[in-house]
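Below you'll find the structure, written out as structure tokens, and then a few comments.
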Amino acid sequence: MEYKHFSHEHNLSMYQVQPGQQFRCSGCDKFCDKTIYACWQCNFFLHEHCGNATRYIRHPFHAPHHLILCPYPTYPSNCFLCNACGTTGTRFSYCCALCEVDLHVNCAFLPPKVSHKAHPHELILNLSNQTGDHNDVNQMCKICRKSLDSKHWSYECRICANYGVHTLCATTEMKMGLYQMDDGDCSDQGAPMAQQGAPMAQQAPIDGQVQVELTPEEALALLHIMGLKANVNAASYV
Ligand SMILES: [Zn+2]
Ligand SMILES: [Zn+2]
Ligand SMILES: [Zn+2]
Ligand SMILES: [Zn+2]
Ligand SMILES: [Zn+2]
Ligand SMILES: [Zn+2]
């Protein structure tokens with residue numbers, strides 16, 4: 001069985017990673033486990049969930065526009081700064097080219113709430129600190145004790161005052177996957193922790209086209225991205 005992914009010119013095949021093997025995912029740059037999509041002639045690998053990431057999403061963090069899955073950064077620096085976690089990325093991102101919003105794939109699908117053994121209460125994803133009411137200058141992540149930048153996302157306890165942790169600290173023990181997120185409203189979702197280890201591959205075939213209606217601005221931005229891609233490809237074949 002072969003698969004086609006828009007970011008790669010060759011067909012991909014499924015492969016089960018064996019203990020001791022190390023493959024780095026070309027989507028998120030992290031090591032792969034379990035099932036991957038592979039192109040052996042290029043050493044190109046994708047986590048199942050990275051390969052199945054849909055081409056467009058609506059995300060409550062950036063409600064006005066769709067975020068488009070870009071196979072690589074379109075900035076001259078060849079990297080992007082993730083608005084969610086504040087770290088750079090060089091592989092896939094969900095981006096709004098109109099507004100220069102970029103999210104790692106894993107960050108875009110962070111579950112709206114998590115449980116962590118470090119804290120008895122559920123932690124809720126805070127997409128940004130527009131809530132200016134507790135803009136403590138020196139908030140610390142309660143797990144790693146490093147500073148918590150109010151510009152980036154965090155998980156917070158709604159019961160305890162000022163209990164915030166980094167998104168990465170809250171989710172290190174979790175298996176990343178594609179968590180379902182409804183338009184706009186995360187509040188009444190079941191805890192996605194229950195879905196750990198249950199990849200949703202079957203819900204999004206790798207070559208499936210997602211039907212979305214892009215606004216004219218978004219379509220232009222997409223053309224712009226694809227134009228850049230064509231240029232990059234052309235350049236690399238010269
Ligand atoms: Zn990946
Ligand atoms: Zn290849
Ligand atoms: Zn990120
Ligand atoms: Zn935008
Ligand atoms: Zn932390
Ligand atoms: Zn609490």
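Note: Cβ is positioned from N, Cα and C throughout, glycine not excepted.
As annotated by TrEMBL, domain 'DC1' applies to 6-50 (among others). This prediction places the mean pLDDT of the domain 'DC1' (6-50) at 94.
Residues annotated as domain 'DC1' in TrEMBL: 60-108 (among others). Counting residue by residue with DSSP, the domain 'DC1' (60-108) contains 7 helix, 15 strand, 27 coil.
Feature annotation from TrEMBL assigns domain 'DC1' to 118-170 (among others).
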